[in-house]
Amino acid sequence: MFLVPLLAALSLSAPKVAAHGGVLAYSLAGTWYNGFVPYNTPTGQSTIQREWDTYNPITDPTDASISCNINGASLGSAQKSATVAAGSSVTAYWNQWPHTIGPVMVYMANCGGDCTTATTSSLEWFKINQVGLVSGTLTSGTWGMGQLVANNNSWTTSIPSSLAAGNYILRHELLAIHTSNQPQFYPECAQLIVTGGEGATPPASYLVKLPGAYSMSDPGVNIDIYSHETETNYTIPGPAVWQG
């Protein structure tokens, strides 16, 4: 029932929105938060999600926008942050998602202070969840992205229970690889205030910059799945998952 008002708003926006999709809302430990509405002015919008302007993909893994999507700016005084305890579940909801081939990745970054003033490309990101090729082959197997679609265009993960309290940005990313050697990155960011935890922080080996974590030389980025139809292995790009 929560989706109806926002879906109605999205239906009034530009025709481009018919392609691809994006995160329209979050559920954090059972509390619902509407996201930013793209193709609309940020004036009057107040949300935990960082601004993003288009459903179009980022196709260059070194693009400056890859941390939090095209624009990716905070909403200034209208920007919110959701308070959530370490160990809580987080669900992101996409309004639509047509692609089923590719990995789903979830990152976080400690802002070291108020995230509203943070520059996301300067943060150090760590991965808390990823699902790539679950079973089968590259072209006909089950992918994380396929699981997202099957689960009503949603993805649920948990904030590491040991994570130190603080101000964080949560980043969901879909990497669509259905077009040969033309990766499509779809990142979305939201601001959190994490409470509780056990004071743990990921070691340096788990931290990356965005851009900086990916390149076209990565086998999981620059890939032609149709030339390897019987392949049953896929290497998810980026760092290993930090589980706390």
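Our numbering is plain: 1 for the first residue shown, then up by one each step along the chain.
Cβ atoms are placed via backbone N, Cα and C, with glycine included.
Database features (Swiss-Prot):
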type     : residues                      : note
SIGNAL   : 1-19                          : signal peptide
BINDING  : His20, His99, Tyr186          : Cu(2+) binding site
BINDING  : Tyr39, Asp224, Tyr226, Glu229 : (1,4-beta-D-glucosyl)n binding site
DISULFID : Cys68-Cys189                  : disulfide bond
DISULFID : Cys111-Cys115                 : disulfide bond
CARBOHYD : Asn152                        : N-linked glycosylation site
BINDING  : His178, Gln184                : O2 binding site
CARBOHYD : Asn233                        : N-linked glycosylation site
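Comparing the Cα of Cys189 (disulfide bond) with the Cα of every entry in Tyr39, Asp224, Tyr226, Glu229, these being the binding-site residues, the smallest distance points to Tyr39.
Nearest by CA distance to Asn233 (N-linked glycosylation site), out of the recorded positions Tyr39, Asn152, His178, is His178.
Residue pair Gln184 (O2 binding site) / Asp224 ((1,4-beta-D-glucosyl)n binding site) shows a Cα separation of 13 Å.
Comparing Cα positions, Tyr186 (Cu(2+) binding site) lies closest to Cys68 out of the recorded positions Cys68, Cys111, Cys115, Asn152, Asp224. Here the CA atom of Cys68 (disulfide bond) lies 32 Å from the CA atom of Glu229 ((1,4-beta-D-glucosyl)n binding site). Secondary structure at Tyr186 (Cu(2+) binding site), as computed by DSSP, is strand. Counting only the Cα atoms, the space from Asn152 (N-linked glycosylation site) to His20 (Cu(2+) binding site) is about 15 angstrom.
The recorded positions shown are His20, Cys111, Cys115; of these, the one with its CA atom nearest the CA of His178 (O2 binding site) is His20.
With all protein chains in the displayed structure included, the most crowded Cβ environment within 10 Å among the recorded positions Asn152, Gln184, Asn233 is that of Gln184.
The secondary structure of His178 (O2 binding site), as reduced to three states from DSSP, is coil rather than helix or strand.
Long-range Cβ neighbours of Asp224 ((1,4-beta-D-glucosyl)n binding site) (same chain, at least 6 residues apart, Cβ-Cβ under 8 Å): Ser180, Asn181. In the three-state DSSP scheme, Cys115 (disulfide bond) falls into the helix class. Among Tyr39, Asp224, Tyr226, Glu229, the residues given in the record as binding (1,4-beta-D-glucosyl)n, the maximal Cα to Cα distance rounds to 37 Å.
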